[in-house]
Amino acid sequence: MAGARRGWRLAPVRRGVCGPRARPLMRPLWLLFAVSFFGWTGALDGSGGTTRAMDEEIVSEKQAEESHRQDSANLLIFILLLTLTILTIWLFKHRRARFLHETGLAMIYGLLVGLVLRYGIHVPSDVNNVTLSCEVQSSPTTLLVNVSGKFYEYTLKGEISSHELNNVQDNEMLRKVTFDPEVFFNILLPPIIFYAGYSLKRRHFFRNLGSILAYAFLGTAISCFVIGSIMYGCVTLMKVTGQLAGDFYFTDCLLFGAIVSATDPVTVLAIFHELQVDVELYALLFGESVLNDAVAIVLSSSIVAYQPAGDNSHTFDVTAMFKSIGIFLGIFSGSFAMGAATGVVTALVTKFTKLREFQLLETGLFFLMSWSTFLLAEAWGFTGVVAVLFCGITQAHYTYNNLSTESQHRTKQLFELLNFLAENFIFSYMGLTLFTFQNHVFNPTFVVGAFIAIFLGRAANIYPLSLLLNLGRRSKIGSNFQHMMMFAGLRGAMAFALAIRDTATYARQMMFSTTLLIVFFTVWVFGGGTTAMLSCLHIRVGVDSDQEHLGVPDNERRTTKAESAWLFRMWYNFDHNYLKPLLTHSGPPLTTTLPACCGPIARCLTSPQAYENQEQLKDDDSDLILNDGDISLTYGDSTVNTESATASAPRRFMGNSSEDALDRELTFGDHELVIRGTRLVLPMDDSEPALNSLDDTRHSPA
C-alpha cells in the first residue's frame, strides 16, 4: 500500500503538468521558446548579413586584383615603348633617316599605341557606375556619399562636357594610362632640368651670357605677350561667330602664350651635336632653351597670380600688373637662391665629411639632395624648375670636385640615364595622350591662330633682339644664325607639362589640345628639317669646339677674350680665392687669402688637402719662377708645357693671365696651370664633370 500510495501521490504531479494548477509554470517555458525562436531568426538574419559582407569583400578583392593587373599592363605598355625607342635610336646610329629624328619616331610609337587603346581594345565599364545630379554652387574637391549607412569618399577628377556624360566610363584603360600631371612635375622634370645645369658647357655659356639672358628673359616675355594678344583676337572672333562654348579671358590667352613660349629644341641640339655645328650657335640655342624653360614656368605662375581688385578678376589693373611682376621677380630670385643654397650645403657636407670613403652613400646623398631641391622649392611656393637648374650648375662647379672618382662617374651616368629615360618617356606619352585624353577640345580657328601666333612671337623674339645685341657684340650674330634660331624654336616637354598640369576648365582643355598639336608639328617638321636647313643657310659643321680659335690672330683673340671676360673677372677672383677654397678642396688656402684677423676661422674652414697642395707648390719658401727651364704637366692624354720666358707663347700667357685663367677654367675646369703673378697654382682633385653623352641631347661641359 505504501508503494501504491506513493505512486498515486506521484500521479497527480504528472497529470498536473497539463492541468490547471500548473499553468503558471508554462509562462517561463513560452518565454524561453519565444526567445529561442527569435534568437534563431536573428541568427539567420545575421548570417545573411555576414554572407553579404563576405560577398562584398570578395567583389572588392576581385576588383583590386583586376585593377592591379590593369595597372601592370599599363606600365608594361610604357616600358615596351621605351624599349622600342632605344632600339630605334640604336638603328639610327647606323642608318640615319634624313627627315626623321628619334624623338619624332617616339611620338609616332605613342600615337600608334594610343590609337589601338582607343579603338582596338574595349574594357567594359563597371555596372555600378552611376551618374548623380545635385545642385551645388561650387565643385568640391572631396565628396562623401552615404550608401546604406556607409560613407564613401570621392575626389574631383575635373570638368567634362555635357555631351560626354555617357562616355566618361566607356573605357577604363584610357583613364588608367592618363597620368596625374603632378607625376610630370615631381618625377619626370627634375632629372631633365638638373642634367641641363649639371652638364652645362660653361665656357660657351658664359661667353654668350648677355645674349642668352636677353633671349631668355626679354625674348620670352615678348613672345608671351605677342602670342597672348594674337590669341585674344582669335578668341574674340570665336565669340562673335559663336564658336566658343565656355569662358576664355585675356589672362587665359597670356597663360597660353607663356606655355607655348617654352622652347625645347632637344631634337635640333642632338643633331647639332652629331654634326658639330658652330659652337656659338649651339651655345646660344642651348643656353636660351635652358633658361627659357625656367622663365616660362615662372611667367605662367605670375599670370595665374594676377588678381585685380574688384568684382571682375579679369579686367586690366595697373596695381595687379606690377604685383605680378613683383611675384615673378620674387619667385625667380627665391628659386635661384634656394637652388644655389642646396648646392652649397651639399658641397660643404661632402667636403667636411669622409663620405668619399663610402661611394654608395656619397652617391645616394648627392642624388637625394639634388632631387630634394625641386620638392623643397615647390613646397615653399617657389618654382622647382629654376631651383633644380641652378642647383645642377652649383653642384657641377663645387660639389663635383669633392666627390670620389667613382662617385663622379656614378652621378654623371645616373643623371644622364634618368634624363634620357624621362625625355623619351614624355615624347612617347605625348603621342599616347592624343587618343587617351578624354577631354580634348579642338577648335580650327584657335588652332590656326595659335600656329600663326607662335611663328610671329618667335620672330618678334629673335630678330629685334639680335639687331640690338649686334650693336654691342664684337662677334655678330649673323643672319643665317638668326634664321636658324627662328627655325629651331621647337616646343617639347616643358610646354606639354605646363599645359597638362591643369585641364579642369574648358579654356585649359582647349589650350592643352592645341599645345599638343603644336608640339607634334614643330618636332616632326622643324626637327626633321634641321639638317636641310643647316645646308640651306650655309652654316658650318664639323667644328671642334676646342680648336675654334685656331687660325685667329693673337691680338684679336686677346681683345675678344678681354671683352668677354671683364664682366666676370671680379667674380672669378672672388670665386677662386674664397668660394672654391671654402666649398672644395682646391684653390689657395683661406689662410693666405683671408685677412690675418680671420686666421682661426680660415684654419677651421681650410681643407687639409689645400695645405698639401700649397706644400707641393713651395720651393724653399720662394715662389716658383718660370724663367730657368721648362715645366710640363701631363693630365689625361694632354700635356701643358711652359717654356722659358724668352718664348713668345709664355710671354703672351703671362701678359694676360687673368683673362687666360678665366677662359681656361671655363674651358677645362680646374685641371690646369693657373699662373697668378709669379706663383704657379696647381689645384688638385678639382674638376668639372666631363660627361660622356648617352643621348646626344645634353652634352659635357667644356
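Cβ coordinates come from backbone N, Cα and C, glycine included.
So that you can see what the record holds, here are the features copied from Swiss-Prot:
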{"type": "TRANSMEM", "residues": "72-92", "note": "transmembrane segment"}
{"type": "TRANSMEM", "residues": "104-124", "note": "transmembrane segment"}
{"type": "TRANSMEM", "residues": "177-197", "note": "transmembrane segment"}
{"type": "TRANSMEM", "residues": "212-232", "note": "transmembrane segment"}
{"type": "TRANSMEM", "residues": "253-273", "note": "transmembrane segment"}
{"type": "TRANSMEM", "residues": "279-299", "note": "transmembrane segment"}
{"type": "TRANSMEM", "residues": "325-345", "note": "transmembrane segment"}
{"type": "TRANSMEM", "residues": "373-393", "note": "transmembrane segment"}
{"type": "TRANSMEM", "residues": "415-435", "note": "transmembrane segment"}
{"type": "TRANSMEM", "residues": "437-457", "note": "transmembrane segment"}
{"type": "TRANSMEM", "residues": "480-500", "note": "transmembrane segment"}
{"type": "TRANSMEM", "residues": "516-536", "note": "transmembrane segment"}
Could you tell me whether the transmembrane segment (415-435) and the transmembrane segment (279-299) have 3+ CB pairs under 8 A, leaving out pairs under 6 positions apart? no
Segment-segment contact (the transmembrane segment (253-273); the transmembrane segment (325-345)) at 3 or more Cβ pairs under 8 Å: no
For the transmembrane segment (177-197), sequence-distant contacts whose Cβ falls under 8 Å of one of its Cβ atoms, 6 or more beyond its ends: 74, 77, 117, 290, 293-294, 370-371, 373-375, 378, 384-385, 388-393, 395-396, 415-416, 418-419, 422-423, 425-426, 429, 432-433, 436-438, 493-494, 496-497, 500-503, 698
Annotated stretches the transmembrane segment (437-457) and the transmembrane segment (72-92) touching (3 or more Cβ pairs under 8 Å): no
I'd like to know if the transmembrane segment (373-393) touches the transmembrane segment (72-92) in this structure, counting it as a touch only when three or more C-beta pairs sit under 8 Å and are separated by 6 or more positions. no
Cβ contacts under 8 Å made by the transmembrane segment (415-435) with residues that lie 6+ beyond its boundaries: 78, 81-82, 85-86, 102-103, 106-115, 117-119, 174, 177-179, 184, 187-189, 191-192, 194-195, 198-199, 266, 370, 492-493, 496-497, 500, 516, 519-520, 523, 691-695, 697-698
Cβ under 8 Å to the transmembrane segment (104-124), counting only same-chain residues 6 or more beyond its ends: which ones? 70, 77, 81, 84-85, 88, 171-174, 177, 267, 424, 427-436, 520, 523-524, 527-528
State the residues, same chain only, that lie 6 or more residues beyond the ends of the transmembrane segment (480-500) and have a CB under 8 A from a CB inside it; answer 'none' if no residue qualifies. 103, 181, 184-185, 188-189, 192, 215, 258-260, 262-268, 278, 280-281, 284-285, 288, 293, 296-297, 300, 385, 423, 426-427, 430, 433, 454, 458-459, 461-463, 466, 508, 511-512, 515-516, 518-519, 522-523, 526-527, 529-530, 533-534, 537-539
